[in-house]
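What follows is a set of notes on a single structure, which appears directly below.
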Amino acid sequence: MPKAEGRIFDFKGHDAIRTDFLEAIDFDGKDEYIKIETDEFSAVCPFSGLPDIGRVIIEYYPDGGKIVELKSLKYYFVSFRNVGIYQEEATKRIYEDLKNLLKTDRIRVTVIYNIRGGIKTTTQMGSLEGKKSGEVE
């Protein structure tokens, strides 16, 4: 992997992400649209060791009969704080972890990262449409 010039800060590996912090609550409302937002997400760029800070938007329908417990979600996000993970990987990881927890195909995760080096990055995974007919897992 290429290395950044200058000072590089230490960071943790992906195994420090605490998926076990996530908790789901039983919920009977499959057609209710749920949107969760936080401006407090941060991880570490594995190239430079500098912080990547962003706004996370989670949208979903609780088709699996579950909703995410918000305090557990906050603790899960905090576990990313010292993890070296690329922006695109972080979005994919959050999407996959929540999709597995909530057992829904109608989920979308968007992360809008703070501008760094004059570049604004937005990453997104998922869809609120769910699976299309004939789609293979």
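Please read every residue number as a count from 1 along the shown chain.
Quick reminder: no glycine exception, Cβ is built from N, Cα and C everywhere.
The active site, thioimide intermediate annotation in Swiss-Prot covers Cys45, and the record cites sequence analysis as its basis. If you look up Swiss-Prot, you'll see Asp52 marked as active site, proton donor, on the strength of sequence analysis. According to Swiss-Prot, the substrate binding site annotation covers Val68, Glu69, Leu70, Gln87, Glu88.
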Completion exercise
In three-state DSSP terms, Glu69 (substrate binding site) is classed as coil
Practice task
List nothing but the largest Cα to Cα distance in Å, as a whole number, among the residues Val68, Glu69, Leu70, Gln87, Glu88 that the record says bind substrate.
Solution key: 24
Handout entry: Cβ neighbours of Val68 (substrate binding site) where a neighbour is any other Cβ within 10 Å
Key = 22
Exercise for the section: Whole-number Å only: compute the distance from the Cα of the residue listed as 'active site, proton donor' to the Cα of Glu69 (substrate binding site). Expected result: 25
Handout entry: Site of maximum Cβ density within 10 Å, from recorded positions Cys45, Leu70
Key = Cys45
Completion exercise
Rounded to a whole number of Å, the separation of the Cα atoms of Glu69 (substrate binding site) and Cys45 (active site, thioimide intermediate) comes to 28
Fill in the blank from the handout: For the recorded positions Asp52, Glu69, Glu88, the largest set of other C-beta atoms within 10 Å encircles the C-beta of Asp52
Handout entry: Rounded Cα separation (Å) that holds between Gln87 (substrate binding site) and the residue listed as 'active site, thioimide intermediate'
Key = 8
Exercise for the section: Between the residue listed as 'active site, thioimide intermediate' and Glu88 (substrate binding site), find the distance joining the two CA atoms and give it rounded to the nearest Å. Expected result: 11
Exercise for the section: Can you see whether DSSP assigns Asp52 (active site, proton donor) to helix, strand or coil? Expected result: strand
